[in-house]
Each structure stands twice: as structure tokens, then as C-alpha cells.
Amino acid sequence: MKWTHGQEKTIETRDKNILVSAAAGSGKTAVLIERIKELIIKDKIDVDRFLITTFTNAASAEMKERLERAFREELEKEDADRSFLEKQLSLLPRANISTFHTFALEVIKRYFYLTDLEPGFSIGDEVQISIFKDESADTLFEERFENDGGRFEAFLRRYSGSRNEKALKKNIISIYDEMRSLPDYMKWAEERNELLFGENLLERTGIKAFIEKDVFEKLKEAAALYRRAAETLKDGGVESLWKKAAADAEKTEEAARAAEGGSLEKAGTFLKSPGFSVMRALKAEQEAYSLIKDRVSSLRRRGKKIIDDLSERYFKRSFGEQEEELKASAEDTRYFIGLVKDFERIFSDRKRKKTIVDFDDVMHYAIKILDNTTAAGEYRERFVYIFIDEFQDSNTLQERIIERISRENNLFMVGDVKQSIYKFRLAEPEIFKRKYRQYREDPSGKSISIDLNDNFRSKIRVTETVNAVFEELMEEYDENARLNCGTDPSKPGCSSALYLIDKGSGEGDLQWDDIQKEAALTVRLIRETLGQEIFDVKKSKTRRVEYRDIAVLCRSRALISEFERFLNNEGIPAYAENTGSYFESVEIQVFMNLLKIVDNTRQDVPLISAMRSAVFDFNVRELAEIRIAFPKGSFYEGVKGYGEKGENEELALKTRKMLKKISYWKSLKKTLPLEELVRTLLYDTGYFDYCGGLPVGKRRIYNLRLLVEKAAQFEKISHSGLYGFLSYVEAMGRTGISVSEAKSVGEKENVVRIMTVHKSKGLEFPVVILAGAGRIIRTGGTGRSIIMHKDMGIALPLTDPEEKWYRKTLLQKAIEAKKAKEELDEEIRILYVAMTRAVDQLIITGCVKDAESLERELQGKKSFVDMVYAPVASSGGEIHRIFPGELEGEDMPANGTGEEPEKRSETSPDRETEKNLRRVLEFSYPYRNERSVKSKYSVTELSSPESESVFAAPLLKPAFSAGRRELTPAEKGTAVHKVMERIDFKKAAKEGEAYILRRIEELEGKGVLTEEEKRAADPQSVVAFFKSGIGKRAAEALSLDREREFIMEKEIDGQKTIVQGIIDCFFEEEDGMILIDYKNSRVKSREKEEEIKRRYEGQIALYREALEASTGKKVKEAYLYLFDIKKFVEMG
């Protein structure tokens, strides 16, 4: 392989500490492996004399595999040193190629006698540790209430808001977790706190130095905006205002220089009263000014907002006052640190009793051991070379370990600080930056930095766009950081584009939210991209784009499930791995509810869920019948009572069988181990096989197997049985601990991948669609929280619960500002990772309120779209403005949620379902013995004079034996309802017959309509609907809803009963609601209008009553639409 100059230098340099800054696609892993291989084979250093740390276990395993392959390839050569290479192969399995945690654990096991750990300790899992933390916080509060009651209660009132203990408990745990990223964290906390008690604390704490830097940088940013406004005026020929604007820019720059020079007072005077000029053009210049006024005003407004924010944050009160406030908070800060110390004592005792440690313990014990010079010296002697991969994600603990065991010149670190995106795991990119500067300027020559920025992944249009964007966004994006395209620019298929869905246009807006609009756009983009030609570098040939070439990347997990569902509904095979929704998956929720009733049957919601599931298969009518018969007490008591005394013998028998089965499983609970009980229930119920037969059955099966594994893991750490396991699983969901769902597709399967940007790191795709780029980035802001920063300490606000006031201290404000800057920097790095995954085509999509404002620079960098718009435009990238109504061909959902009405499969009690079920099941029916009135009616039963359903149909043979036949009137009505339910009213009114015919064809293609239903759905009656005045009003309405189900109580002959129905369509105008009910084959054209009204007036009255009760708004008009005669009939 031919190496570049930088790669060759990386491989060949010896006897120096080396830091390699390896940009995206620069061949980092290949170079790393080559250097290790040459040190072993050429320099004859055994592989067990290396320490090689990676970020993940998977990366460690891959590195071992690649080294093994390299050794075996060398063995094939005639001049190979066979004995040496075979020795390396034998040493490789035991070589120190692992994550930092694995190495730290090895240190503890080797020098166990230097710790206070018990023999046989193990690492607790995340859930167990989380539960221990919660329990430890509870114990801490109990202790404090008992031993320090008055003072603790006063502290609690000040810092937990409305005497809510949870807020302070959460604060203690979060600060403790953050502190543990530092080596001597308790000492650090106490030393930082002591600084608050002396004089000149703003200088001694570093707060003043930070504020000077923050004010300087922000004023520089404001001055640049004022300078651009001045240049715009100059270029626009408005000379009188140009000079004023330039003077304003100069004032701002002067204030920035004052802050940089340490004169905060001077900068503060400016910030409080900048004295800017009024932008009022001379009469002769007014026309020229009008052309650029919006842009100039926006730039100056953004600059002024920066100035106002700085003034509010730091200069509202004098620094002397704010210093006194900090001193006033010192004692409470000390008290809080005491709470954290006591929390650690209780937490550590709890872990010790269970002989477990957590991941942070492993690092701290290793540091404690390596503080022993003998232990550190042995590792220093043992490791000839130390390699650290993904160095940009290192933290202070890892740095401390490396400092203890490294030699003067044996460190090799490689990474890319632009790809450090794990701040939430307490990674510290500042370590990389600091070391990079040190090595670049090292006068001794013992340490060097090397830049690898030749990109062998992405095509020229992608690298040009990346460079254009990050030259604007990243402070240190210089020639050493720029991507140099290492691929052939003449090859086809290379592009970058930005697609903006303009919500502010008001043109043909769909009733979807932003996610659904972007999902619809993504469908279109995927279809357009498929079949385009790209050059496949790995295969050295031109080929066409397939589904497997496309990845949809999302910053937030919130988009992923919706995108996966939307794409699959549109016939695009899509797969999203580990959406973080394991505990929300239906199969897990249903089975957990089954376990809950085996543990304790007297739980109504889990019982209802289990009964409605495939395990027991009760329908809603049966559940309602049980509750009506037994309205008092718990639902379990009603079920039990119905089994004994229910009048419907078939239902009573079904109920008794269920209770007998549950009783049998309860007996197993007493005899079987937990893992065996869970496994037995899965197979005994048939639920395991049932889930395997559902869509994505492989994933569901994996999820259920994982639940069995969790039961086995829990049994090893606890003997609290099924109840304890249920609490354990609930804690996993409550604490947000991620559980990976199954992979239901292989890497080579032809599907579109949907994933988070974090998940995509290290991967590449021919086509990348970065979705959700218009979402606002939120940074900073902590409310009343106690916060910390490793550079500044722990900060508490000032509060007085009696006087009911709260104020942030200067330290809190400084920490917030620092964290906000770090969070924004992280978002920029996340954008870099996303954009550099693309090989051939980079597509960025986002919803924006007003695309024109981006062109006029009317907003700051609040989203990824704001960040990329101008650079993409200036670098020649494509920019497309899309109006929501242009998203043709994608389903317009009946309910405005983007969802096709789903067939019932498995059910779990979400909040709305639970509420509806409770409304039915808790309904108290006082006259059980009165059988002349039914317990439940449909609207058509109550409203039809003949008690006959409008769409009544005879019983049919099963579909598999019926053969081809004509549809009944009821089935024809259903077909028309399906069309009206799924049609886009705006498009139908605008485009007419062409769209309606196309939509009916699409619905057949998707299986929504059968061939017979398509023939029965008369398109001309639908066309007539939208040509009418009422149809056009519906298309232009403020809101539109279709197929709205309702259940309500109704008094009939003095007795209460349940009425249920479905309202076909209603829409809202400014002065009320309009209701429409569709009628098909039961209405004949020769019937008089008065007869039609009389027939359905009862039904419409019930619909009107239900709609007004549920919305609280008046129904001002109601209509029947008669498809047979293509006519609206107004109802009174």
C-alpha cells in the first residue's frame, strides 16, 4: 500500500511521544495497525509489551483480529521469522488490547492486596447501581431528618423547591456522578469551596478571568455583526449610515479589547449603555436603504442581543455586591458537600455489603494502586509502547493512569478532536487540544504532533461542503484541519444539497408535524436517489444506488421510530437499530403486565392489558360486559364474580379458565427459579411463538429472550423473586438506562438504515440524509439546580423561601455560560461527524419557519440549518425550498398524525387507551336486572327506526372459501370510507380527478383496498364532494378530523347505557364545527330529502351531542353526503 507523507511519518517515527490528529476518512485505523505491526515484526517487540486502549470492546476485538491476520500473512512469506511470529500468535489472546476500564480492572486484580476490596467482588450492572443510589439518597435524608432536622429542613426548603425532596436527591446524585470524573474529587470540592471564604475570591476562583474571556469573545462576535451591517450599508450605497454603523462596530471592538485587557469595568460601562446610532437614512438614500434594511436591522439586532445578554448576566449588579453574594453562599456550599460525602459513605457501604463495585470505582481503585510507585514502576517497565485510540474522548481519570505508567517517550495517541461527541459521558476534548498545542511547540523534540487530513472516503463535493461549513464554525479549522479530497473528482454521483421545508410559506400546508413532513420528504429523496449512478471505490466500478447505500441520520432518537414506520408504510424497506424503545416495545409491555398479575392479580391496568392480549384474547365488549355486571370494587373482583355468577356462560367459562391458569402460574412462582418461571410463562402461554409470527418477529423474539437473560442476571444479585425483578425492570425504564433491541437485519441486507449520529460514528455510507437539521439546539440553563464545573467548582443559587425570591450567583452564571459554550461546541462536532459519514451524496433536510430569512441572515446559529445554509450556498451546494403541499404521493393520515389506521394486533395500555377503558369499565350501571334496555348500543341502533344498521350485511363464508363475489352494500360503503379516510383534502380540492384516481390506485397498491373495493369506490362521487362548496370549505379548514371514535353515557327509558360510534368527518371554522356523515347504498335517489333527514336525524343528533361534549365547541352545521346521488343534505 502506498502511504502519504503524513501516514509514513506516523508509521516510521521512533523514540518520541506522538499525537496524531487524524481527520475523518484519513485512514487512521490502517495507519495505527501498520505502526503496531512494524514495531512488533521489524523492531522485534513482543505484543504483550504493548498497552493498546480502545473506546469499545468491539474495537479491541477488531484490532486483535487484524493483528492476527497480519501475523499470518507474514508467516506466508518465504523469509518469515516463523518462531517469532508463532510466539506472537500465542501471546495475542493475552495481550493488553482492551478498553481503559478493562485495563483498570486488570490492575486491580493484579494488585488486589493494595485495596480494601473483598475477594470475589464483581461489577454491578447499571440498574442495580442506579437503585442503590436512589436507596442511598433515601437513607441519607432519613439520617439527616433524624440527626440534623432543623438545619436540614431549612436547606431543603431553600434548594429543593416547594419542599420536594426528589429535586435535591437528584441534585446530590448528579453532582456526585460528575465529581467522580475527577481523580481526587472530594479534595477538589473542598478546596474549591474554601476559595469562597477569603478575600479577592473572584480572582482566586478564576471567575474574573473566565468572565473577561467570555465578554471578550462575545463582544468580538457582536462587533463582527455590526461590522457586517456596516459593510452591507457601504455596498448598498447608503454612505451616511455606513459611517455610523462602522463607528458602532469600532465602539464594540474597543469594549472587547478592554475586556481582553482585564478592564471589566470599562467593558461593563459600554454594555450597560452602548450609545449606538439610530439608523435613519437621508431622503436621497431611502430607496437604496429599503433594499437592505431587513438584513442590516437583523445583523444589528443580533449584535445588540449579545450585548444585552452580557449586561444582564454579569453587570446587573456591581462585582462587589456579587462577590458578597458568593461569600454568602459558601456555607451552604460546604453543607451541600457534606451531604455528598455522607451520600458516598452510605452508597459505598451498600456496595461493599453486596461485594460489588461500579465502573467509576474501577478507575479510582486503579489510580489509587498506581499512586504506589512500585506498582506504577512495574507497568512502566512492562510496557515498551502505549497506544491510545480515540484520544479525543479521554478524560482526566484516564490521563492520570497514563501519567503514572508511561515513559518519557513511549506514548502514541490518535484521534480527531472534531469528532469528540461524548461530553455526556464526561469526555474532555480539552485534553486533546492542550496536548496538541504542547506537542506542536515542544522545544525538547521529545514529543511531536502529526496531522492526517487527506480524506480517502468522501468525494470532492462532500469535502468542499464540509470545509466551507467548518471554516465558519470551528475556531481552529485551519490548513491542518481542512479535508483534502483523496478520491478521483471525475467519478459520477457526487453531490451535496440542502432541502428546506418552508413552514412559513402558507402554501398547501399539510396537517402533519415537522417529523412527518421530513419523513415524507425523505421518502421522496430516497426514491429519487435510487438507481442513480455512483462510483464504488471498493469495487472500482460504476453502479446504481440501492437501499443499502442510504443512511438517514438523526440528531435525536425522537425522530427514528417515526421515520422507520413512515418509510416502511411507503414501501421503502427501512431498519432502525436500538431506538432506545425496548421498554416501550409492545411485546415487553404486554408480557411484563402478565408477570405483574402473576405476582399480584389485584392490579387492574396490568390485568386488562393481559386479558386484551393474545394470551387471553378478551375483546372490549367482553370487558365492558364484566364491568357492567359487577360495577363495584376492583376489576379483578368483577372478573372473579363474573366467573362465578355471570349470565353469559361462554364468557363466564372463559373467565374461569383464565383465573385457573393464573392460579397455576402463581403456584409455579413458589417453586421455580425466576429465570425458569419467566421462560415457562413464555412457552406455556404460547406468547413466544405468537410474537415470532408477527411483523419483525425476529426482533420481538430477541427482546423476549433478553428479558429471560435479565431475569437470570437479576437472580445472581438478588433473591427477592418476581416482585423484586418487576421493580428492577421498572427502575431500568425509569432511569432511562438503554437496553439494545435486537438486530433484525444483517449488514448486507438491502434496507435503508436509520440511526443517531452517535451510532453512525466510524461508519460510512454512499448516501447520507441528515434529517431534523431545523430543530432548535438548546444549550445552557439550569433553573434552580445546583451545578458544577471541574474548572470552577460547585455553585448554589441564593434563595429565600420565606420572601420567595431566587437569584443565581455570579459563579452559577459563569458555569452556565461555560457549559453552554461547551454544549454548542459539541453540537458543532456532532454536525461534523454526521456530514463526514457521506461518501458520494450528502443531503441535509430541515423544517424552517421562513426560508427567506436564512437568505437575508435574519437569525443566528440556532440550528444545524442556520449553521450550514450560508456555507452550502457559497460553496456551490444545491439549496431546495420545499412547500409542505409539494410533498406529493405520501399518505395524508386521517387523524393528522401521519399514521395509517392500524389493524389490531397486540395491545398495551397507553394513557389514552387506559383512560377509555377506565371510562367504560368504571361505569356504574345501577339497574342490572332491567333487561329491556341493552347495556350497549351503537349510534345506528339508537337512531334507525327499524333498529337496523345502515351498513348491515349478511354473515359471509370465510374469505378463503368464498371465492370471487360482488361486494355487499355494507362493504361498498366501507370501501368509500377507506378512500375518504386517507385522501388529502387539500390536494383533492386543488387537483381534482387526476389526484383522486392516482390516490385510489396507490391505496390498492399498498393493500389498503382490495381489487373489488377499488372498483366499488366510485371516483366521480369523490370528485363531486370536493367540487362542492362544503368540500372546498373542508379542504381549507383550520383543522380537519376523520373517523373520530367516541363512547358516551346516554339515558334511555330512565336507565343509563353506553353509546359508541364513529364520526366520519368534521372540520373547524372560526365560528364553530361542521359535521359530515357519509351515506352510500342505503339511500336511493328517488327518496325525498325530508325522508332522508327523518331517517338519520337521530344519528346526527347523537353525533352532534358527542362532538360538542368532547370538543367543548358548538356544531354550527351538519350534513349527510349521499355518494349515490353525489349530493349534500343539510341536517337541522
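Residue 1 is the first one shown; counting continues down the chain.
Every residue gets a Cβ built from N, Cα and C, even glycine.
What TrEMBL says about a protein is an automatic prediction, not a curated fact.
These features come from TrEMBL:
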| type | residues | note |
| --- | --- | --- |
| BINDING | ALA22, ALA23, ALA24, GLY25, SER26, GLY27, LYS28, THR29 | ATP binding site |
| COMPBIAS | 900-916 | compositional bias 'Basic and acidic residues' |
| DOMAIN | 1-459 | domain 'UvrD-like helicase ATP-binding' |
| DOMAIN | 464-762 | domain 'UvrD-like helicase C-terminal' |
| REGION | 884-916 | region 'Disordered' |
- Note on the structure: The correct three-state DSSP answer for ALA22 (ATP binding site) is strand
- Message: Just to confirm my parser: what is the rounded mean pLDDT across the domain 'UvrD-like helicase C-terminal' (464-762)?
- Response: 86
- Task: Have a look around THR29 (ATP binding site) and count the other CB atoms within 10 A of its CB, chains all included.
- Result: 16
- With the fewest other Cβ atoms within 10 Å, the residue among the binding-site residues GLY25, GLY27 is GLY27
- Message: In the three-state scheme derived from DSSP, which category covers THR29 (ATP binding site)?
- Response: helix
- Under 8 Å by Cβ from SER26 (ATP binding site), same chain, sequence gap 6 or more: LEU452, ASN453, ASP454, ASN455, PHE456
- Task: Tally every other Cβ atom lying within 10 Å of the Cβ atom of ALA23 (ATP binding site).
- Result: 25
- Which same-chain residues, if any, lie at least 6 apart from LYS28 (ATP binding site) yet have Cβ under 8 Å of it: VAL20, ALA22, VAL414, ASP416, LEU452
- Task: Give the sequence-ordered set of same-chain residues, not counting ALA22, ALA23, ALA24, GLY25, SER26, GLY27, LYS28, THR29, with Cβ within 8 Å of the centre of the Cβ atoms defining the ATP site.
- Result: ASP416, LEU452, ASN455, PHE456, ARG457
- Message: Using a 10 Å radius around its CB, how many other CB atoms surround ALA24 (ATP binding site)?
- Response: 23
